[in-house]
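According to TrEMBL, the protein has these features:
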type	residues	note
ACT_SITE	92	active site, proton donor
ACT_SITE	239	active site
ACT_SITE	333	active site, proton donor
ACT_SITE	351	active site
BINDING	437	Ca(2+) binding site
DOMAIN	630-720	domain 'PA'
REGION	502-523	region 'Disordered'
């Protein structure tokens, strides 16, 4: 099953996207930087160097596809250029492209030396890796040795054409996740300059640690070494710095890396680890939590704890993450300490699968095979689309985002395949290789070849001194897992069960929605612009409401117009709450609705993020949705009497934003017999990727007469439906609170075609 899923993703990239960097699986085309709307820092990984192909090369070898691997190598050598005039992330280019080239080189050597494949290979990928390494080296030209976060592949840093080189800050992981790739490049080529620069950056970060807590911050000034962000955790911004300290010791054999890792790890377990949680703290006040939520990147940490040999906390944290996944199908990009969604996105990250693989290797517990099966099933059920696998825009609704990052092919399928593989399924012995943070394979033999830097081995006396300070058996060796799990799966189960109970207690599975009890009068979250009673309360508080032409409402308070001083204070409190609520909705994008295309050839696999209305059928409070074929309203604005009611009857009407209030559009299509409506933004290029969703407001009058559901799509998502309608005569959609599988669609939702919903 893993192989079939990989083929589906890889072949769609090759068919629809190559030589572009990444596949856009909803629109079945390649993502070319500069031709698509900018996504900000996310696009810094794209360098017009066929990123996904390079990132996927060694996955082909791991998945026992030597013929496809050889073909991929030939394509990279023939088609890829590394001198493009483009600004890229030094960190992402290192782990994905340099790591991909080195992993491909390692696999090519393995296959060539085996005598059956690639006799023609003469280190061509290594030559490309060296070229790229030389193009990245100028980034390290700082007084601290910490690299600039970005570089122009063609022009470097400081020339007028480079368009970069003015940055002052970088993340700790960005500067501290270079040593494996750069040291491997030095060991493979015999040129010490790469390892020396990466080592200098690590040395500087170690010197800048907070000496009392032995923790590092998240962001650092590359020129002064001052911490810009002083919060510390094991997730985004720091994660792979810790990973590379331990793995540098494993790959390179230098004891100082292990000493540093153990020092940091002791502080992590003392301050950040609050089993089963891992919460950020302040480096100067490590007993003070810096935030009350966790990000999904920390899911790698149980796997790192397995390498460390600390199995019990690895089981605890992994189980907590698994229970969150069971609630939401995927791990949200961020979630709170009571395991609720903080940020709803999920870009198909592989870190949880990585930790699952390592825990299974350490314990042999079949529980982790079942965990892997759950990952597979959720990917197929919720993320699979006709042209690949689409990232989740919001795990609460199942809506999709038009992206399939290269790490999905580089890491996810590699770890899942290895989780289920028997020894005979593999071309080579995995124990001879180390995974980079992007799951690229570097041979452990590098520790003994072309050693390029000073090496200091810990003396026996130093080991005795360390033993006096800390008698933990986990500091210098991994425990025998057979001793921890002596044919007794109850041991691991006894660790997991309390975690399961804690998550269930804090975050029960969603049940029927109902009244949540009495609330203080007119709280911002309860405000409805179409309620006469609430409008009167606003007037008493000196708050006036202005309806804008685009359907939004604007609130303005004049304290002098309030009925009393007490009312004025209530009005001020209400406005403050409304500002906070608006800010929160922009961050969390409020609970969105879903438009799911269920007709051929989509079959429910394309889900678009939609905004709700404050009137009509609330799909979030109802177990039923509106299902029917879509039809264009004439006139498209829906602001005057509909001229094609026969076509709209029993269908989902498409209308364009603008010219009148949203409620007026809903009434027009409802009179024409439509069973639901979709408002498409008229602002060219707008997208839920870049703009926060909002609720379509009423018109200040009673909207009790509107009974059909109305959803809002930004321009980019709306065009997907319009393009489908142009290509296929019938396009059937489901309007709902979330994506639904086939059984739910057929069993719980009535079809259109005249049927009332």
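Cβ from N, Cα, C; glycine included.
Its Cβ taken as reference, residue 239 (active site) is surrounded by 25 other Cβ atoms within 10 Å in the chains shown. On a Cα basis, residue 92 (active site, proton donor) lies 16 Å away from residue 351 (active site). Note on the active-site residues 92, 333, 351: the fewest other CB atoms within 10 A surround the CB of 333. Mean model confidence of the domain 'PA' (630-720) amounts to 89 (pLDDT, 0 to 100 scale). Separating the Cα atoms of residue 437 (Ca(2+) binding site) and residue 333 (active site, proton donor) is a whole-number distance of 18 Å. Annotated pair residue 333 (active site, proton donor) and residue 92 (active site, proton donor), C-alpha to C-alpha distance, rounded: 19 Å. Counting every protein chain shown, the number of other Cβ atoms lying within 10 Å of the Cβ of residue 437 (Ca(2+) binding site) is 25. Residue 92 (active site, proton donor) is 14 Å away from residue 239 (active site) when you measure Cα to Cα.
Taking DSSP states H, G and I as helix and E and B as strand, the domain 'PA' (630-720) has 20 helix, 18 strand, 53 coil.
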